[in-house]
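Worksheet for the structure shown next.
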Amino acid sequence: MGRARRFQWPLLLLWAAAAGPGTGQEVQTENVTVAEGGVAEITCRLHQYDGSIVVIQNPARQTLFFNGTRALKDERFQLEEFSPRRVRIRLSDARLEDEGGYFCQLYTEDTHHQIATLTVLVAPENPVVEVREQAVEGGEVELSCLVPRSRPAAVLRWYRDRKELKGVSSGQENGKVWSVASTVRFRVDRKDDGGIVTCEAQNQALPSGHSKQTQYVLDVQYSPTARIHASQAVVREGDTLVLTCAVTGNPRPSQIRWNRGNESLPERAEAVGETLTLPGLVSADNGTYTCEAANKHGHARALYVLVVYDPGAVVEAQTSVPYAIVGGILALLVFLIICVLVGMVWCSVRQKGSYLTHEASGLDEQGEAREAFLNGSDGHKRKEEFFI
């Protein structure tokens, strides 16, 4: 049987008068509420007490104390005080079966009694949270929260990332206690894997502001992803390169396969799980390397293109570059010189032809004038030009 923090609440004050002729004696009791496992104090207050007999009985009408003397051998009940003003008994480890009316009886000429009602509450235990079926990325997950025993019925609430989720609750009364359950459904993605969902239970048996909580860690399954990380950015001949295949997935892929395009891996290569080691690199190791991983939800593949840096080839290429540039410049200069020479020849020929044409034209005009003068003829002969 669970234990709760020991506390009690006085709820109601009852008065009764048990008076003999002219005595005016009175007895007063208080109702008490206690959490299961806690401590309750039952008090009978006396007024104008004259030494009459006082008897305290349990709900089964068994006498616990007779005028301050123990009558029932139940060590959980202890007489804390017996005075002309009050009688106070202490009940430890309160149980549901202790609940009921406790009689404070004052025997005078007439017997009078007053009843102190003891109410026992049951605090909820830590809720039990279960998942209905395995959660998968893109689907819904259904969680159930159960508090099998509480009094009064516990109130259940769901929280995720400090936000309350709306659940559906139900309860069933079993004797004096309640069994309460609640369910909640929501959609999940791979980012929800490892997230926390909390079920909280509260009722009046717990101290104010307190609750019982159970946290559930979400287990969301999803397809794998893969990415290759190289031990160095630039690789040279003779270096050792280590490739690491970073894989995620739930369930986590148990096997990782390494390949090099349509070729086999170099004989020197060492593939162990997530790592591929390539010692003593040469240019023949160039190619596209892949790592592959799979689980029951999918398949993932990552690529890495290896290009081995050859310092000798780079130096040779760098020394050949100036000669190519010089050759290009020389070719351009020769071409320009040829163009200039051709232009000069063409201009020279053009100018000489124009001079000879004008000279011939002048001779023709002089001959025609002389002939016209001698012959006295106005006839016109066709002028011909010769371009030399």
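Every residue gets a Cβ built from N, Cα and C, even glycine.
Taken from TrEMBL, the feature signal peptide covers 1-24. Feature annotation from TrEMBL assigns domain 'Ig-like' to 124-219, 224-295. Taken from TrEMBL, the feature transmembrane segment covers 323-347.
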Per DSSP, what is the residue count of the domain 'Ig-like' (124-219) in each of helix, strand and coil? 3 helix, 58 strand, 35 coil
Count up the helix, strand and coil residues in the domain 'Ig-like' (224-295) according to DSSP, in that order. 3 helix, 40 strand, 29 coil
